[in-house]
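A quick write-up on the structure given underneath.
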Amino acid sequence: MSKLQKALFLSDKGYKDLKKAICACTLTNLTMLLPFCVTVMIFSEILTPVANGGNVQWNHIWLLWGVGIISALLVFLAAKNDYRKTYIASYQESNATRLRIADHLRKLPMSFFNTKDLSELTTNMMSDCSSMESLLSSTIPPLIANGITVTLTCILLAFFDWRLALCVFCTVPLAFLIIWLSRKHQIKLFEKQVKAKLNASDQVQEYLEGMKIIKSCGLSGVHFKSLDNALLAMKKIAVKVEMAVGVFMSSASMILQAGIGITIFVGALLLTSGEIELLPLLMFLLMVTRIYGPILSILANLSSLLNLNVVTNRMRTLLTTPAMEGKEKEVSNCDIELSHVTFAYNQENVIKDISCKIPQGSVTALVGPSGSGKSTISKLIARFWDIQKGKITIGGKDIKAMEPESLMSYMSFVFQDVTLFNDTVMNNIRIGNPNATDEQVITAAQAAYCDEFVREMPEGYQTLLGENGSTLSGGERQRISIARALLKNAPIILLDEATASLDPENEVLVQKAIAKLIEGKTVIMIAHRLRTVVDADQIFVLENGKLVESGTHNELMKKQGLYQKLYHIQQESLGWVV
Ligand SMILES: Nc1ncnc2c1ncn2[C@@H]1O[C@H](COP(=O)(O)OP(=O)(O)OP(=O)(O)O)[C@@H](O)[C@H]1O
């Protein structure tokens, strides 16, 4: 893999396409020289007889006009090919990169997401890929192609008259020097701009997510100073970047254009001393007006290239973060065992030396005060995070040796916060099993008591749910998530007490749906209300990350420990009247 391919995170196809784009761009630039050569030849046909005496050969001139028209056609065809090779290929590559990022994200441990926020990842996928897209289409190919064209033209001009060629190009190193010296300042500004954009998108996201609170608390715009400040900071830095780039580019351009004056001055001296003829001088003067365009474009593209590291740094961090390992695909049974499991999200251990067994086909409840580690245990079993000490096995196999996606195929989740996608009801349920037929989806929906409310929707199962299903009630969302789990039919079910915040009618329906879902399965249930776990085969009581009691409801009540205390507190609260 070449350095350029690595630096730009290009796929093999993307790298090949980039090389083709550079060739196409160079070809366009070279064909653009044709009309110029024809113009010079027409001048020569007219001026030579004027200077030396004789008749203008009009048939030659008409012929050259014909060549000129053909060369214009060639320029058009080359430009069309160039457009296809650069823009279309770069859009395809950036799309492929976005998919590559999405695919890689899926394989990363949740610890990665703990350190990144949503807006940073969104910026990674959308704006960084767009920046790469423009680097691939309108920066790198023109930069290299213009470099080649300018070098060729320089050689060609030196061949005609090295003194005038020197005059044309003597200001180029100075212009490059300005861009080179300004690079540190420009990079600093680019970095600040990226930070400001990220901060602004963070603030916008927070503002939109908090809209319910903003409205319910009647907070006016004055209370959202941080959003105003973030947007203002973004505007300020954008102006600074534009100013800096503008100042450096115009200085470079001014110095570069001084070459026109120098060429005219030296050319006039050479002409009067008879060391050069009028025609080559005219050709040089024509060339000098045309050659600075590509050189300026090289300078502008170099400025954008300074941005490359800023753009690719985040993408590099993301794409080089190692995916979760593990190759094993199958387990012989669904007995789950935790032995001496210790885990910390950050520094502090939140699970401390826990050992327990969850036999296949049993219902196990995890109970304990808020923050005691119930959800964390269920997420560790699903390998959302890798544990730091100890071992978790399923069917005797260490889950760290299992391929994460194969491990997931053994599990279904019903959590309190159900994620619904902006798609039809049918497709939202089908997420449980992408290969399921419409009939199978409907059967699962019926079993999860979704069918009735779905049929009342304007387009039934084809109704679009909108952003995160905001039109559905909490109970309806949970029943959809149960339908998904039913469709997946995984042998292990992880339940985060799904009925905690439902009204009695919805609660009954959800309970009935769950009863169907867990039939014959290995169930791990996070319970907040202890009356829902009295029938569990075993109950694990957690306190401050430790397993402090275990047994059936009756056994734990007899122990008169934490479980009994929590149970009594909840029973008493049931009697409260507000
Ligand atoms: N993503 C996270 N990053 C850092 N710390 C976390 C994270 N999730 C949970 N914690 C911390 O880990 C501890 C255990 O949290 P956990 O959610 O497992 O408790 P829980 O018993 O399920 O609580 P609850 O009943 O309130 O849902 C808590 O101190 C919590 O603050």
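Just so you know, glycine gets a Cβ as well, placed from its N, Cα and C.
Remember, TrEMBL labels are computer predictions, not curated facts.
Since the structure is predicted, the reported quantities are computational estimates derived from the model, not experimental observations.
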> Do you know which of 207-227, 291-311, 438-458 TrEMBL annotates as transmembrane segment?
Replying inline: 291-311
> Sequence gap of 6 or more, Cβ distance under 8 Å, 3 or more pairs: do the transmembrane segment (291-311) and the transmembrane segment (135-158) meet that?
Replying inline: yes
>> Please report, as numbers and ranges, the same-chain residues at least 6 past the borders of the transmembrane segment (135-158) whose CB is under 8 Å from any CB of it.
In response: 8, 14, 18, 21-22, 24-26, 28-30, 33, 82, 86-87, 89-91, 93-94, 164-166, 168-169, 284, 287, 291, 294-295, 297-298, 301-302, 304-305, 308, 311
>> Please report, as numbers and ranges, the same-chain residues at least 6 past the borders of the transmembrane segment (62-79) whose CB is under 8 Å from any CB of it.
In response: 24, 27-28, 31-32, 34-35, 38-39, 41-42, 45
